[in-house]
Amino acid sequence: MMKRIFLFIVTNLAILLMLSITLRLLGVDRILDAEGSELNFNALLVFSAVLGFGGSLISLAMSKWSAKHMTGAMVIDVPSNSTEGWLVETVRRQAKAAGIGMPEVAIYDSPDINAFATGMNRNNALVAVSTGLLQKMNRDEAEAVLAHEVSHVANGDMVTLALIQGVVNTFVIFLSRIIGHIVDRAVFKSEEGHGPAYFVTSLIAQMVLGILATIIVMWFSRQREFRADAGSAQISGRNKMVAALRRLQQEYEPSHLPDKIAAFGISGQKSQIGRLFMSHPPLEERIQALQSA
């Protein structure tokens, strides 16, 4: 279930970059320059919030479309075999138990054991599983994974993530413009308006701060994984969820999911750049949390 967050974050950053460049070319950044010499901090904060939350909410609105196109997921409109029929009926039953609308159900081609859920709200979601999951997990284990994803939807994790990302975006944009202003004035000695140094420095600072701010989003993601595990235990049974996580420990293979959507999966393998950037807690910690609940 490691696809959701990287998809959201990368889409979000791409939208922010595109909007920043577009607004700069349109001259909107000029409202941040009061009397040609100093930043207008009130205007900057409003600008940052509009741009920051705008990028986040656009990413949320695009999440289902992006996930389908990036994984090649095929939505099951009419089940063509017993496996698809079981998959749709299991999600339908779990969605009813969780009190949410019936999500779209899809399958995407990948040898990994993986699944993800995304969408704008509890009644407009997508739950997708890999062919590898259907081949390598028994139905009890697969049922637990589906319940985990349904719990993400029921908990409103995508909306909460969008709000957190909006706050993070706001501060990233705000601070990057201040850094650009300082460099433009102190290093390049611009005395009136903002020169090219402000634009270039602001974009670089925005990208660097955006990467660092990812730590906050990843921490949030790890906490939500524990909650989704607990939700799965309530819907499908704790033993089934523990068995599913154990299966991942035994069968895990390097993910073939696009990196941009890796954070909405289930695997939770350790990140090469450290735990701060992990979207999922280690599997053993998740198992221990379930067993001690």
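Each Cβ is built from the backbone N, Cα and C atoms, and glycine gets one as well.
Quick look at what Swiss-Prot annotates:
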- 5-25: transmembrane segment (TRANSMEM)
- 43-63: transmembrane segment (TRANSMEM)
- H148, H152, E225: Zn(2+) binding site (BINDING)
- E149: active site (ACT_SITE)
- 159-179: transmembrane segment (TRANSMEM)
- 199-219: transmembrane segment (TRANSMEM)
Among E149, E225 [recorded positions], residue with fewest other Cβ within 10 Å: E225
C-alpha spacing of E225 (Zn(2+) binding site) relative to E149 (active site), in angstrom: 10
H152 (Zn(2+) binding site), number of other Cβ atoms within 10 Å: 26
